[in-house]
Amino acid sequence: MDYHNQDSGAPGGLRKRQQQIGKNTGSILDMLPGDMDPLLLSDEKHKASGVRGASSGPAGKYNTGLLPNGNLQWGIILTLTFAALFTRLYKISWANFVVWDEAHFGKFAGHYLKRTFYFDVHPPLGKMINGLAGFVGGFNGTFEFESGHTYPPELHYPVMRIANALFGAGMVPLAYLTGIQLHLSVPAATLLATMVLCDVALTCISRFILLDSMLLFFTATSVFCLCRFRNLQISAPFSEDWWIWIFATGISLGAVASVKWVGLFAIALVGLHTIQELWDMLGDLKMPPARYARHWMARIAALIVTPIAVYILSFAIHFAVLNRSGPGDAQMSSLFQAGLKGNDFDQNPLELAYGSRVSLKNNGHGGGLLHSHVQRYPTGSEQQQVTCYHHKDSNNHWVITKAWGKENATSPDGVDFVQDGDVLRLVHASTGRNLHSHPVKAPITTAQNEVSCYGNATIGDANDLWKVEIVDDLFDKKTKRVKSLTTRFRLRHNLSGCLLRSHAVSLPQWGFKQAEVVCQKKGDPDSRNHMWNIEQHMHDILPPGGKGAYRSKFSKDFIDLNVAMWTSNNALTPDPDKEPDQLTSAPYQWPLMLVGLRMCGWGDDAIKYWLIGNPVVWWGSTASLGVFLLIVGAYAVRSRRRYRDWDVPGSWDDFVFVGQLGFVGWALHYLPFWVMGRVTYLHHYFPALYFAIITFAFVADHIGSKLPRLLHLGLIMALGVLVVANFIYFKDFAWGFNTPAEGYRARKWVQNWNLVD
């Protein structure tokens, strides 16, 4: 960074000041060759050595080389890499049982190996990587990953953990290289990497079969690629390297979003930078309009189209691999399920008849199965609840029954098929109650009518009657009968005219977070949320219809799954009727590390892991965010008073970019959790922590640049020593310990830490 000496300017002013200090003090630093000077910036070294991009002018001060020059820096990179591998891999197989969320993500890896379809709220890329690691490790997918269960001898679980650890280890040299691309001094870049290396929480989370190490790694690659691209934008726009790194940024953004949706915040960060960049270009009157348009097209292709393509590709592979029926079938459309191997849809009778026992699938994106259970609404009619549910059970079954007064009207062969326009009843098979609606407000969407179950085989009224309206059929465009799977139809309440509808609104805990079902009085009758189809179908007389060649469109499957992910994610809200457990935490607790997280059982002889950060890293990075704002405020005041702090062209832009990258990146990854209704955990802060660490190294380097040269180096080294010392003190929580937690009571530095009871 070129703000080390604001009076004389940088980098030339910095070099002059270093030479003056060397003459006055006889410092040993003067004896180092140029490429070994630990305070010499990477861009200054390249300028001195005459590499490409070191020409005169504002663009010349940037390092356009990918890797730093000099034995010292290569030594730092190799040392950091070996240290990262050691901290992430040491004793990684010690706990031979399922730890924490390995119960989820290990099981998901098994589904890829069995090729059985499953559902999860996260995108598939990270889970597919875990599945690939399981394949390499000889996992056959049969172990169920029950929490706390011992791994069987044939499952080489260390291979799967090592795969995750390698992503965690890769963050460390990436952090150093990012510091170099940000033009931090070598000690500050080393401090940045050391904080990532020695954070206990980042070390711990990387050592298990999870998604977080991959999320953090791709977040780090996105930041690194962005910084690299920015330097090339200044020094060599539209060069071959420029094109490589703008598309590398887009690929990284696609990858991070394909692991967890938190990666969308990284996309937002790059998007904000891009908007600012294009806005600045718009004010450059020397730039031809055609060149400006080319900048737009390049960014659309690389930073919008490419991430979307990577994200979609991850789902295409996901669907291609999971081609067998599995526990997640009910989240998808009936046609998608019919295309999976191993389902029983070939047993469905072809056409719907009275007496059929069926399940009804809502055709809205992420639609569920019409469902009821014995629990009642706490408000409104207080009758039996009707919902949409995304798991298959007997409470999804309904018997197609004739309207009141027509029960005995049957054809001579005993089978009456349901026709378009028929008025009928749907009787809940498990409870015997009729699907019912009336002019009572729905529990959540109060503008619509409530749908409930009411009465029985002998008690009912006109509010139990529904009219069948066929919309279309996949194979038979002129059909007047309802066919299994392929016919879409509406159910119109015969008395009020409202339409049976489900949508992406979840009931509270009293409704088990299932989707609300209403009878919509007004609205678009062509909405897919009003449309239903027969999924499972059983009849005592009708024969099976056989297996048809059903295939759903990828675009519909992609949207359906993402809507279901969104709906399920939003349903992960805290239960107000339960006390908070020792796993969940609130966003206000994270920056000051007011909580830790027990990742497994806490018996005295058990191997235990406690997810807690390095106090220097967490508290220091949080403090640096405030210090950065103070520095910005100080410069704003000085600017108003006509002080010139930024004489070198581009130096203020550098300061703003690095500050925005760290502070805005932190804010984007942290502040949204304050407004999210879902349950939150400590590890949700980890991406934000990475940006806070960048801010810490940047602020420390900036403040140090105002000090004499040795004090600058001493400040960075002192901070690094504190970071390493705290890691050594708290390392057992990442590597595991099997002694009573009471023996670590001295490490309980915060009253709320749940290290000991």
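We count from 1, first residue shown onward.
Each residue, glycine too, has its Cβ placed from N, Cα and C.
As annotated by TrEMBL, transmembrane segment applies to 72-90 (among others). Same-chain neighbours of the transmembrane segment (72-90): 35-36, 38, 42, 162, 165-166, 168-173, 176-177, 180, 186, 190, 193-194, 197-198, 203, 206-207, 727, 734-735, counting only residues six or more beyond its ends whose CB sits under 8 Å from a CB of the stretch.
Beyond its flanks by at least six residues, the transmembrane segment (162-182) meets 1, 42, 63, 67-68, 73, 76-77, 80-81, 83-85, 87-89, 92, 129-130, 132-133, 136, 188-190, 192-193, 195-197, 202-203, 205-210, 213-214, 216-217, 220-221, 223-224, 227-228, 231, 658, 661, 690, 693-694, 697-698 of its own chain at Cβ-Cβ distances under 8 Å. If you look up TrEMBL, you'll see 162-182 (among others) marked as transmembrane segment.
The transmembrane segment annotation in TrEMBL covers 188-210 (among others).
A Cβ distance under 8 Å defines the sequence-distant neighbours of the transmembrane segment (215-236), meaning residues of its chain 6+ beyond its ends; these are 52-53, 58-60, 62-64, 66, 126, 167-168, 170-171, 174-175, 177-178, 181-182, 202, 205-206, 242, 245-246, 248-249, 252-253, 255-256, 259-260, 262-263, 266, 270, 273, 277, 650, 657, 661, 665, 686-687, 690-691, 694. What TrEMBL lists as transmembrane segment is 215-236 (among others).
According to TrEMBL, the feature transmembrane segment maps to 242-275 (among others).
Long-range contacts of the transmembrane segment (296-321) within the same chain: residues 112, 115, 123-125, 128, 131, 238, 243, 246-247, 249-251, 253-255, 257-258, 267, 270-271, 274, 278, 554, 557-558, 561, each at least 6 residues beyond the stretch ends and with a Cβ under 8 Å from a Cβ of the stretch. Annotated transmembrane segment per TrEMBL: 296-321 (among others), in sequence order.
According to TrEMBL, the feature domain 'MIR' maps to 349-403 (among others).
Counting residues per DSSP class in helix, strand and coil order gives 3 helix, 28 strand, 26 coil for the domain 'MIR' (415-471). What TrEMBL records for 415-471 (among others) is domain 'MIR'.
Under the heading domain 'MIR', TrEMBL lists 479-537 (among others).
Summarising the annotation, TrEMBL assigns transmembrane segment to 616-635 (among others). Long-range neighbours of the transmembrane segment (616-635) within the same chain, counting only residues 6 or more positions beyond its ends whose Cβ lies under 8 Å from a Cβ of the stretch, are 195, 198-199, 201, 591-593, 645, 659, 662-663, 666, 689, 692-693, 695-696, 698-700, 702-703, 719, 722-723, 726.
Here the transmembrane segment (655-675) has long-range neighbours at 1, 3, 182-184, 223, 226-227, 230, 262, 265-266, 268-269, 272-273, 587-588, 590-591, 625, 628-629, 632, 646, 684-685, 687-688, 690-692, 694-695, 698, 702, meaning same-chain residues at least 6 beyond its ends whose C-beta is under 8 angstroms from one of its own. What TrEMBL lists as transmembrane segment is 655-675 (among others).
Same-chain residues lying 6+ beyond the ends of the transmembrane segment (681-699) with a Cβ under 8 Å from its Cβ atoms: 1, 171, 175, 178-179, 182, 184, 188-189, 191-192, 195-196, 199, 201-202, 205, 212, 215-216, 219-220, 223, 262, 265-266, 583-585, 587, 589-591, 595-597, 611, 613, 617-618, 620-622, 624-625, 627-628, 631, 658-659, 661-663, 665-666, 669-670, 673. If you look up TrEMBL, you'll see 681-699 (among others) marked as transmembrane segment.
Sequence-distant neighbours of the transmembrane segment (711-730) (same chain, 6+ residues past either end, Cβ-Cβ under 8 Å): 29, 38-39, 87, 185, 187-188, 190-191, 194-195, 197-200, 203, 612, 614-617, 620, 700-701, 703-705, 747. Taken from TrEMBL, the feature transmembrane segment applies to 711-730 (among others).
Secondary structure counts, DSSP: the domain 'MIR' (349-403) has 3 helix, 27 strand, 25 coil. Note on the domain 'MIR' (479-537): its mean pLDDT in the predicted model is 93.
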